[in-house]
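Undergrad: Okay, these came from TrEMBL:
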type: BINDING; residues: 96, 97, 129, 214, 215, 216, 217, 272; note: pyridoxal 5'-phosphate binding site
type: BINDING; residues: 132, 271; note: N(2)-acetyl-L-ornithine binding site
type: MOD_RES; residues: 243; note: N6-(pyridoxal phosphate)lysine
Ligand SMILES: Cc1ncc(COP(=O)(O)O)c(C=O)c1O
């Protein structure tokens, strides 16, 4: 008999009733060090007091009005995001998928309004993940995501990841945009080199198409910069965010330049809940905390500590691991044996990690994880690795 919850997930046999910082606790009291953080969502750990305070203050005041009206919390978050980034304007949604939907619509509408309706193709890269909507699965093109769901939405050109020198040849007069995660998350923590992002910007400018960065997973201080593309010193025309910006509250958004957003006039897009006061109040608090240079410096210091310990782990288990990759606190352990087995062994040791494609175990801890918890986490992964070896 089908479960009352639609069985679309392969769930681990774990269930938590409480969270405290980087820890999750089961009903029986067993504690787990959480290096998944809701898949890069719980930016500041579980039940963060500052975020809880922001949520309560807003909840005591106003939960929801519609976008028929001005929403001060939304404007405050948009002001802060535009102040801190390349963007001139923001639209708020509730998830990364919704952000992807708008990014795709925005790019296409931009060229349509320029009198070029045939310019609607979007170039994406193997291993990308932009969500599970009809447009987002078509953007990915992965058979396991599109199979069985009818004709895939037209207009996506899928290129291999890594064959960057081929890109320019694939940008045609029909290309509306190049869309890429500066660090692939689901694809297995694959960092796109800075020079590649730079050359993408150049190709987009020279050939006349937009550049879209999906920073849903790698954004919001996760890599040690507020946004991952800052390492490359280039900016996109459109950027998707979600996950970390809400710190655990559903919030997503699209940031864009005035030019790229020019087609999105009144009536072209909308959302009942997108930009609601609760989400935006929390988003603003998250952003205030993580954009502080002192906070970012700490993320980088902790990332260095974690990476150093993980390199030791690689050396201790050469038959299990190929290496560590990633940026900041978005790290991947490339496994020689099954990444899923290592994750499952971690449950036994009370440590939570997340599998990704390419046989990678993802580590995406809260950005304020303590040094002690980093040490403890690596010790537990070490124990899981040893158990797997025996
Ligand atoms: C890079 C990226 N884009 C988009 C999404 C979709 O976000 P959501 O699950 O919030 O819809 C994800 C989710 O994992 C993601 O990692």
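In case you wondered, yes, glycine gets a Cβ from its N, Cα and C as well.
For the listed features, I'd like the structural context: burial, neighbours, distances.
TA: Under the DSSP three-state reduction, residue 215 (pyridoxal 5'-phosphate binding site) is assigned to coil, being neither helix nor strand.
In the three-state DSSP reading, residue 271 (N(2)-acetyl-L-ornithine binding site) counts as coil. Sequence-distant neighbours of residue 271 (N(2)-acetyl-L-ornithine binding site): residues of the same chain at least 6 apart with a C-beta under 8 Å from its C-beta are 67, 92, 93, 94, 98.
Here the Cβ of residue 243 (N6-(pyridoxal phosphate)lysine) has 29 other Cβ atoms within 10 Å, regardless of which shown protein chain they belong to. Following the DSSP three-state reduction, the secondary structure of residue 243 (N6-(pyridoxal phosphate)lysine) is helix.
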Undergrad: Can you tell me how far the Cα of residue 129 (pyridoxal 5'-phosphate binding site) sits from the Cα of residue 243 (N6-(pyridoxal phosphate)lysine), in Å?
TA: 14
Undergrad: Which binding-site residues from the set 129, 215, 271 come near ligand 1, judged by a Cβ under 6 Å from any of its atoms?
TA: 129
Undergrad: Report, in whole Å, the straight Cα-to-Cα distance of residue 243 (N6-(pyridoxal phosphate)lysine) from residue 216 (pyridoxal 5'-phosphate binding site).
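TA: So the Cα of residue 243 (N6-(pyridoxal phosphate)lysine) lies 6 Å away from that of residue 216 (pyridoxal 5'-phosphate binding site).
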Undergrad: About how far apart, in whole Å, are the alpha carbons (Cα) of residue 97 (pyridoxal 5'-phosphate binding site) and residue 132 (N(2)-acetyl-L-ornithine binding site)?
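TA: About 7 Å separate the Cα atoms of these two residues.
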Undergrad: In whole Å, note down how far the CA of residue 132 (N(2)-acetyl-L-ornithine binding site) lies from the CA of residue 217 (pyridoxal 5'-phosphate binding site).
TA: 15
